[in-house]
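Each remark here refers to the structure printed beneath this line.
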Amino acid sequence: MFSIFIKIILILPSIATKTNNIDIKSWRSAQTFDGFGAVSGGGATSKLLFTYFSEKSDRKQVLESLFNKDNGLQLLKVEMGGDDQSTEGTESSHESEKGKISKNNYEFQLISEVREINPTIPICVLPWAFPGWIGNTPYDNVTETAEYVVNWLKIGRDTWNFDTFCVGVWNERNFSESYVKELRKILNLNGFNETLIVAGEGFRMDDSYSRLLDKRFINEYDIIGVHYPGGRIPENVQKSGKVIWASEDYSTDNRDTGEGCMARTMNWNFINGNITGMISWHLMSAFYPQLPWYRCGLARIDENKFQTEKAFHVLKYITSHVKRGWKILRESSGRFDGGGTYVTYTNGKDSTIFVETMSYKKSLCEYSSPRPYHVKPSQLIRFKFSEIPSFQGLNMSLNFGPSKFFSKSVNSTITILLPVNSFGILTTLPVSTPKRVTIKTPLVPLNYHDDFENYEFDEEPKFWMPQKGSWVVRNGRAVQKVTRPSISWCTSHIRTPYAVMAYRKKNSILNAEVNIPKHSTAKSIILGIRSNCSGCDIEVINCRGIFVEIEFSNKKVTIFSDFVDRSIIAEFKARRKVEFGKFYKFSIHLLDSHLFIKFGNHHVMTSVEIPEEQLNKTNNDTLFVIGTGNFGISEWDNISTDYFH
């Protein structure tokens, strides 16, 4: 039996010495460490990885830096796409229409490539939205919803050769006991007996906790998932015997307090909440900087480079020196008297202690900040170890500094000085100091053009970030495939499928060939420039832009701004016939105060004067928009952009 004795003595400047004795002689208080991971999704957050690093060999470098077995992430959680907005954009569903299975969602490709780097990494999945054919809610027909979810797991197993470690219920929305029971049944019937169910998955779970602990339900699921808990887990939940995860956490701007938030949260979750696993949102900001929550992940990608963020480097202090399955020692973890925390991990042979003394202001998180507290300017910490015969000393690294070796004294003590706003490790292992990884992006062409010929069936178009509905490539065309509103996670009142792409030059032209098939329920197409429409808040802010809508049934053309509550600028009839079932080429661009609209290959353009107020409002907005006026199939080809001086 492994035994460890740790004594921690704090000597604070100018005050009497205080001693905090911790005596561990067995693993009776140890808990299994489930790992630190990240979420891909919750809004197509990894989408542009496949645009900027289109070659698999280039992506391998990126994913190696995030998931290598030596110091990478230990869990990967992905969104189960539902064709609807889920923060940064939509993720394509694997079954947008009942019985029509799509197997090339980019998350499947991401999982496959991550598993080539780390074949044993656990994969978890959670829906944000659901396709509309399921009903008004996921719980209208629990069997149908469970079968829909299990179909995703089947694709993973049968097509992409991975097993799903855990599956959630519905992101940050109410759960249903009857659905969870049915999901367990359907999982087992399809050979997924080992797949765990994560229940909860919400903010502010006061009522949810009592339901989760109901003796008639508590054995129907495996993990209690909590989002942004800040370590605040009720005592009865901590003592319930259920595994508790922060199944979504972090999401804090790395340009501000992200690094400190991560350092504090990693420890506080366990010390305050008995939380043994943490999954950070989001894996990478692989979306346009114009979209919300940019640089609130563990890495970022733009047209110039991939780069890891400091929050990930903090996390790597643990992932480099602690593995899933190690034990967290409850009685060897706690708070320093002068502020700050320490958590001890061990595998019975080696040990790692993560320490942090982050101040309140330097560790604020977007969602889970505590009440104000105070940390002493510096603290002298004396660790005392005994009953570990092979133990000679500890390697220490603080704040990404070089490693230092501290030999234990005759009485098995090691003394360190911890200033405020410090974080790092003491470990029996050689120290791997986290460092930033930067990988240059392959050259991105100045002008965009795509004929959609070199795609797998149902692969998602590059560069475009759908914000409502979903585009996939089929037979050389980008198809908006959603025919009815989804069970929405946000933007539930929006009935306009649309996608956005950032443009690189101010004076830009958008060209597209578009067909609305005869059988489609879509009635019009929309092109837009100088827009800021993205994310979940478009209804609140009434997102802006300069948009052109062409109705196929009556040739009516409407120019408008303000996407939700439209401000009409002009209306007129197109000069040429526009029919369903035929492709037409459309172009729009803005020159000074004039919007030019071009139909087909004709040289004649229609010019509309844009009011100065609308020009001023959209002057700094840089998103192109494509879409349809309502749900229904539309086909897009030869989309391109040009710019002029």
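Placement of Cβ uses the backbone N, Cα and C atoms for every residue, glycine included.
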Of Cys261, Cys296, which cysteine does Swiss-Prot list as the disulfide partner of Cys365?
Cys261
Since Swiss-Prot lists Thr87, Asn171 for substrate, which candidate among Trp128, Trp133, Trp245 does it give for that site as well?
Trp128
Can you list, in sequence order, the residues of the same chain other than Thr87, Trp128, Asn171 whose CB lies within 8 Å of the CB centroid of the substrate site?
Gly41, Gly42, Gly43, Glu79, Ser86, Leu126, Ala129, Glu172, Trp489, Cys490
Here's one to test understanding: among the glycosylation sites Asn193, Asn411, Asn616, Asn638, whose C-alpha is closest in space to the C-alpha of Glu248 (active site, nucleophile)?
Asn193
Counting other C-beta atoms within 10 angstroms, the emptiest spot among the active-site residues Glu172, Glu248 is Glu172
With Cβ-Cβ distance below 8 Å and at least 6 positions apart along the chain, what are the contacts of Thr87 (substrate binding site)? List them in sequence order.
Gly42, Gly43, Thr45, Trp128, Pro292, Trp293, Cys490, Gly535, Cys536
Maximum Cα-Cα separation (Å), residues Thr87, Trp128, Asn171 listed as binding substrate
12
Looking only at C-alpha atoms, tell me how far Asn193 (N-linked glycosylation site) is from Asn616 (N-linked glycosylation site), rounded to the nearest Å.
59
